Amino acid sequence: MACVDEPPEKHCWVCFATEKEDRAAEWVSPCRCKGCTKWIHQSCLQRWLDEKQKGNSGGAVSCPQCGTEYRIVFPKMGPVVYFLQQVDRALSRASPFAAAGVVVGTVYWSAVTYGAVTVMQVVGHKKGLDVMERADPLFLLMGLPTIPVMLVLGKMIRWEDYVVRLWQRHSAKLQIFSGLVPGMGRALPRVPVEGSYGGDHLSVSRTLCGALIFPSIANLVGRLLFRRVTSNLQRTILGGIAFVVMKGVLKVYFKQQQYLIQANRHILNYPEPEGQADGATEDEDSSNE
């Protein structure tokens, strides 16, 4: 508002009502403003404060014109209300830490359960239970959660990429294998930019799922390929090694073929319309004559 001189009667700058229109209303001058923005209805200011505080009754609110912070007072509360208020504040402060503790505890006991199931799956159900019953409880509480952690860390070791880089570096020396692997030992027209042919970026969900499902896959491969092995532990270990080797060989071959595809990429000329192409050919012939 551009009003500078104080009007003869009070004027609310929220609802624009005057003192004559509502003589029973309570008026307040909460800031240093002068003129027509000096006065405001107590009820209008209360509603305006509710909108600005947005549920935070203890938040500070200032005048939008002069920037003076409003002095807000509350009636004195009794000891019971004060105690309940302190309890409510303490619970509000402690709830994030409690929630974090619940999440950490859930993850920890999930890891313990997964570790116990993995032990029974790898060693055998009866033998696994017997081993865990005879083991120290503290050792189980510390050792079982490390099983999924070690599986995830092992999954993050990308040894196939190292083999692919060695293959690409020494491919010229491996021409004797050109009959087994297409493109082995051939000269490449260009070297692709690293990362443009991988197509296998490190995915958190893929790494986590692959690591946690690995014991089940190792057990299944061991049962299929090494049925004559009587020990469940040895059969699972052999199945895991066989799966890692077969998967690694296929992955290395796939990445190398992607590398060759990118290296032999070729860009074609823009196809001209037939009429323009014939005209261009005639122009070239006439210029040659």
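Every residue, even glycine, has its Cβ placed from backbone N, Cα and C.
From a predicted model like this one, the values you see are computed outputs, not experimental measurements.
Note: the zinc finger (4-73) comprises 15 helix, 8 strand, 47 coil (DSSP; helix = H, G, I, strand = E, B). The zinc finger feature in Swiss-Prot is assigned to 4-73.
Of all Cβ atoms in the protein chains displayed, 20 besides its own lie within 10 Å of the Cβ of HIS41 (Zn(2+) 1 binding site). The Zn(2+) 1 binding site annotation in Swiss-Prot covers CYS12, CYS15, HIS41, CYS44 and rests on sequence analysis.
Residues near CYS33 (Zn(2+) 2 binding site) in space but far in sequence (CB under 8 A, at least 6 apart, same chain), listed by position: CYS63, GLN65, CYS66, THR68. Swiss-Prot lists CYS31, CYS33, CYS63, CYS66 with the feature Zn(2+) 2 binding site.
For 97-117 (among others), the entry in Swiss-Prot reads transmembrane segment. Sequence-distant contacts of the transmembrane segment (97-117), counting only residues of its own chain at least 6 positions beyond either end whose CB sits under 8 Å from a CB of the stretch, comprise 128, 132, 140-141, 143-149, 212.
Sequence-distant contacts of the transmembrane segment (137-157) (same chain, six or more residues past either end, CB-CB distance under 8 Å): 108, 111-112, 114-116, 118-119, 202, 207-208, 210-212, 214-215. Per Swiss-Prot, transmembrane segment is recorded for 137-157 (among others), and the stated evidence type is sequence analysis.
Here Swiss-Prot flags 202-222 (among others) as transmembrane segment, drawing on sequence analysis.
Marked as transmembrane segment by Swiss-Prot: 236-256 (among others).
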**OP:** Provide, as an integer number of angstrom, the distance between the C-alpha atoms of CYS44 (Zn(2+) 1 binding site) and CYS31 (Zn(2+) 2 binding site).
**Re:** 15
**OP:** Please average pLDDT over the zinc finger (4-73) for the predicted structure.
**Re:** 82
**OP:** Using the centroid of the Cβ atoms of CYS31, CYS33, CYS63, CYS66 as reference, list every other same-chain residue with Cβ within 8 Å of it (recorded Zn(2+) 2 site), in sequence order.
**Re:** PRO30, ARG32, THR37, PRO64, GLN65, GLY67, THR68
Subject >> Between CYS31 (Zn(2+) 2 binding site) and CYS15 (Zn(2+) 1 binding site): CA-CA distance (Å) >> reply: 18
**OP:** Can you grab the distance from HIS41 (Zn(2+) 1 binding site) over to CYS31 (Zn(2+) 2 binding site)? Cα atoms, rounded to a whole Å.
**Re:** 13
